[in-house]
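Undergrad: Okay, here's the structure, questions in a sec.
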Amino acid sequence: MPKYRSHTTTHGRNMAGARALWRATGMTDDDFGKPIIAVVNSFTQFVPGHVHLRDLGKLVAEQIVASGGVAKEFNTIAVDDGIAMGHGGMLYSLPSRELIADSVEYMVNAHCADAMVCISNCDKITPGMLMASLRLNIPVIFVSGGPMEAGKTKLSDKIIKLDLIDAMIQGANPNVSDEESAQIERSACPTCGSCSGMFTANSMNCLNEALGLALPGNGSLLATHADRKQLFLDAGKHIVALTKRYYEQDDVSALPRNIANKAAFENAMILDIAMGGSTNTVLHLLAAAQEGEIDFSMTDIDHLSRKVPHLCKVAPSTQKYHMEDVHRAGGVIGILGELDRAGLLNRDVSNVLGLNLTQTLEAYDVMLTQDEGVKQMYAAGPAGIRTTKAFSQDCRYPSLDTDREEGCIRTREHAYSQDGGLAVLYGNIAADGCIVKTAGVDKDSLTFRGPAKVFESQDEAVEAILGGKVVAGDVVVIRYEGPKGGPGMQEMLYPTTYLKSMGLGKSCALLTDGRFSGGTSGLSIGHVSPEAASGGLIGLVQDGDFINIDIPNRGIVLDVSEAELAARRETEEAHGDAAWSPKGRERQVSYALRAYAMLATSADKGAVRDKSKLGG
């Protein structure tokens, strides 16, 4: 029978000092026999996805206490990628994921907590906490802050839905008036919550449902809706039961590595491909799998991407549907239901409720369940009122979207495309692979050939795009923006957005060893591995070189002879210590970022630390 970790600090005369300090936090004699459960919050006033979380940790803690546990809350940092975008702040975004994972490990191990409830929401916070959960392998339940309501505005006598990306595109479009741009800006992000499309934050929160570590509804139920409160209460109640299953019943199936196992990771990736999720999810799933010592790699993702259809199309791939519409159609469980009926899922998986996949679908799939309470939960909709408060409204749709032929979620037979929403491409310029969000690529751009326009930084590329130096047919190559080369693997949302603003969104491609925001669409290929700073071929591309992109056949090739590439490599390596570094780029890089770069692996490994350099 496993021993409660917390007994290390609460039992025995030699722990009198520790108990004295525990008493100073409010614990009593009765508490020293109970499980100590960490409530890992991420409240901050910097991030709309987290601005409403201040009191939600207390809500979870009270339920833990009522269920027989001891709750101790602490906070992690949280970076808003949208606010950090387009300037030096974005260098810190991906490295913050490692800091979050480490800080959770530090706090939980230093104080010998028995289990965790992770209150996450936005881009790097959910992955960082997921990495920590699989690293620690103690009972955990995730409950996120929930999606933002979609913005709405009236243009040309028509009400349209908006999100952050619309504000960015219009802000850079010279043909849009200042008044119209300001109107869109004020309407795009109306409430607290993670940005309303299938961007990185919402993608990861959906994947946590598929991994089995979050409760049904977690990925899609709006942050503002009163129903979301029940998820927090249930998380507090169920974590105590989950903890006791492991420590008092020796039930190892309660541990995250046994819930989020290889089969669950495959299901999560299948979901991601089917819903056209953010390309960042590939990076984060690979990183989390390494923390959990799970054999899940780019090879698995490539295999899955070839057989999974695109069943759910959401912003930024369409303006018609946002997360509130996904929820109305049945949320994550609704998509999983269609994938299961298509015979694409591993059924031998479970979740934190102890339910297997069949039981979960019977209880929560709106196409199967007879539970009116579940149907009512999925009818939860937006109020259209600007607010930063959680659970502030109780509006409902008059009916669910169960149209699986032309609705938000489709059956395999009526899929948006029989090819999934993500693809892994291989070729000489990406020997270890690269990623494209095919859900956002125009059908006419699935094969593309064009001359390279090479830039040593995102900033240089943005200046060229807005300055008219990029023309239709070009392949914009942005290099030395990978985990080491950036450092920090910046998101390239501004270059892709500005290509659209300049009317080039469907006539240019973009290739980078950096990454993209979940809000990116168009022929945007990222995560090129190996990166330029690691000697990758992308570092040898010259202006005018032709690049062939073939998404249907999963290929990407730099059309330059082997002899010429060998000569270029010899020339580059002759620079010695200055080899494989950006030419003429001026960028202030702090010691903290340099430390990250020293240990970072390329994107095909999840951009995690190179354990071989740490003796691991």
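Cβ from N, Cα, C; glycine included.
Note that the coordinates shown come from a computational prediction; the quantities given were computed from them, not determined experimentally.
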Undergrad: The Mg(2+) site in Swiss-Prot lists D123, K124, E491. Which one of D80, D81, D163, D166 belongs there according to the record?
TA: D81
Undergrad: Taking the centroid of the Cβ atoms of D81, D123, K124, E491 (Mg(2+) site), which other same-chain residues have Cβ within 8 Å of it?
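TA: The surrounding set, listed in chain order, is V79, A84, M90, S93, L94, C122, T200, N280, S517.
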Undergrad: Based on Cα coordinates, which of the following binding-site residues are within 10 Å of S517 (active site, proton acceptor): D81, D123, C195?
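TA: Near S517 (active site, proton acceptor) by Cα: D81, D123.
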Undergrad: May I ask for the distance between K124 (Mg(2+) binding site) and C195 ([2Fe-2S] cluster binding site), taken between their Cα atoms and rounded to an integer number of Å?
TA: 14
Undergrad: What does the structure give for the C-alpha distance between C195 ([2Fe-2S] cluster binding site) and D123 (Mg(2+) binding site)? Integer Å is fine.
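TA: A Cα-Cα distance of 10 Å.
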Undergrad: Are there residues of the same chain, six or more positions away from D123 (Mg(2+) binding site), whose CB falls under 8 angstroms from its CB, and which are they?
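TA: Those within reach of D123 (Mg(2+) binding site), by Cβ under 8 Å and sequence separation of 6 or more, are V79, D81, S93, F199, T200, A201, M204, N280, G518.
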Undergrad: Please report the distance from the Cα of C122 ([2Fe-2S] cluster binding site) to the Cα of E491 (Mg(2+) binding site), rounded to the nearest angstrom.
TA: 15
